[in-house]
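Trainee: Annotations for this protein, taken from TrEMBL, read as follows:
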- 9-220: domain 'Orotidine 5'-phosphate decarboxylase' (DOMAIN)
- 15, 37, 63-72, 121, 175, 184, 204-205: substrate binding site (BINDING)
- 63: active site, for OMPdecase activity (ACT_SITE)
- 65: active site, proton donor (ACT_SITE)
- 65: active site, for OMPdecase activity (ACT_SITE)
- 68: active site, for OMPdecase activity (ACT_SITE)
Ligand SMILES: O=c1ccn([C@@H]2O[C@H](COP(=O)(O)O)[C@@H](O)[C@H]2O)c(=O)[nH]1
């Protein structure tokens, strides 16, 4: 189930390559957002110590998209669990056995959510095909015991309908106000994400590269709030 306050449903992707830049962005955003996301760029540059530090002020999604043989993924999940992060992910393309191994390993960390990437929001496949594949992979993840998935806003409602409202949907590919979509193919604005069944919105460049990142985060939050009662 998502958190109640909109700021606790907004995840900022800290796609920077240096500890100082990450901490400066964290401080600028302050309590305007509830979650930070550490992905490949920052983790490869700075590693687990920074993850632990960021996790003291915000909830943390470690977005490393594990995709390997079942044993290796289970071991990586164990290591991530040891960091005390709030959410991690694997790639659902790794298949049923890999997802089940990951879920078994994650069961040792009951406070950590394990989710699976379905179809990357940058994937150029036609939207209708993406919906079919994302739904198939979401069902696999659900049946393997994962807590949710990463998908685009365009697939979130169908996944909720099939896998249940408690199955978490995390949606990157958020853009608004005519922003450049860059490498993202299946995008939506913050209000549509909320009405479209997204539990957590992931926003990177529209906040990181804004003249004032905190204001950009507040703008996204205002749009999310505009569609709630
Ligand atoms: O399907 C996916 C899975 C993960 N991501 C990650 O989300 C952010 C999006 O950043 P923007 O700058 O807002 O495009 C980034 O960290 C990706 O690695 C995704 O975009 N799509």
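Count begins at 1; order follows the chain as displayed.
Using N, Cα and C of the backbone, Cβ positions are placed for all residues, glycine too.
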Trainee: With the Cβ under 6 Å from ligand 1 as the test, give me the qualifying entries from the binding-site residues 70, 121, 204.
Mentor: 121, 204
Trainee: Tell me, roughly as an integer, the mean pLDDT over the domain 'Orotidine 5'-phosphate decarboxylase' (9-220).
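Mentor: When the pLDDT values over the domain 'Orotidine 5'-phosphate decarboxylase' (9-220) are averaged, the result is 98.
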Trainee: May I ask for the distance between residue 63 (active site, for OMPdecase activity) and residue 204 (substrate binding site), taken between their Cα atoms and rounded to an integer number of Å?
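Mentor: About 13 Å separates the two Cα atoms.
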Trainee: Write out the long-range same-chain contacts of residue 68 (active site, for OMPdecase activity), meaning residues 6 or more apart in sequence whose Cβ is under 8 Å from its Cβ.
Mentor: 76, 94, 98
Trainee: Which ones are near the residue listed as 'active site, proton donor': of the binding-site residues 15, 121, 204, which have a Cα within 10 Å?
Mentor: none
Trainee: Of all the recorded positions here, 15, 63, which one's CB has the most other CB atoms within 10 A?
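Mentor: Of 15, 63, the one with the most crowded Cβ is 63.
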Trainee: Among all protein chains shown, how many Cβ atoms are found within 10 Å of the Cβ of the residue listed as 'active site, proton donor', not counting that one?
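Mentor: There are 18 of them.
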Trainee: Sequence gap of 6 or more, C-beta under 8 Å: which same-chain residues meet both conditions with respect to residue 67 (substrate binding site)?
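Mentor: Correct list: 73, 90, 91, 93, 94, 98.
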Trainee: 10 Å Cβ neighbour count around residue 121 (substrate binding site)?
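Mentor: Its Cβ shell of radius 10 Å holds 25 other Cβ atoms.
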Trainee: Which residues of the same chain, at least 6 positions away in sequence, have a Cβ lying under 8 Å from the Cβ of residue 70 (substrate binding site)?
Mentor: 94, 97, 98, 100, 101, 102
Trainee: Test of understanding: give the count of other CB atoms lying within 10 angstroms of the CB of residue 64 (substrate binding site).
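Mentor: So the number of other Cβ atoms within 10 Å of residue 64 (substrate binding site) is 16.
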Trainee: How many other Cβ atoms sit within 10 Å of the Cβ of residue 204 (substrate binding site)?
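Mentor: Taking all protein chains shown, residue 204 (substrate binding site) has 20 Cβ neighbours within 10 Å.
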Trainee: According to DSSP, collapsed to three classes, what secondary structure does residue 64 (substrate binding site) have?
Mentor: strand
Trainee: For residue 121 (substrate binding site), what is the secondary structure state per DSSP, taken as helix, strand or coil?
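Mentor: Residue 121 (substrate binding site) sits in coil per DSSP, no helix or strand.
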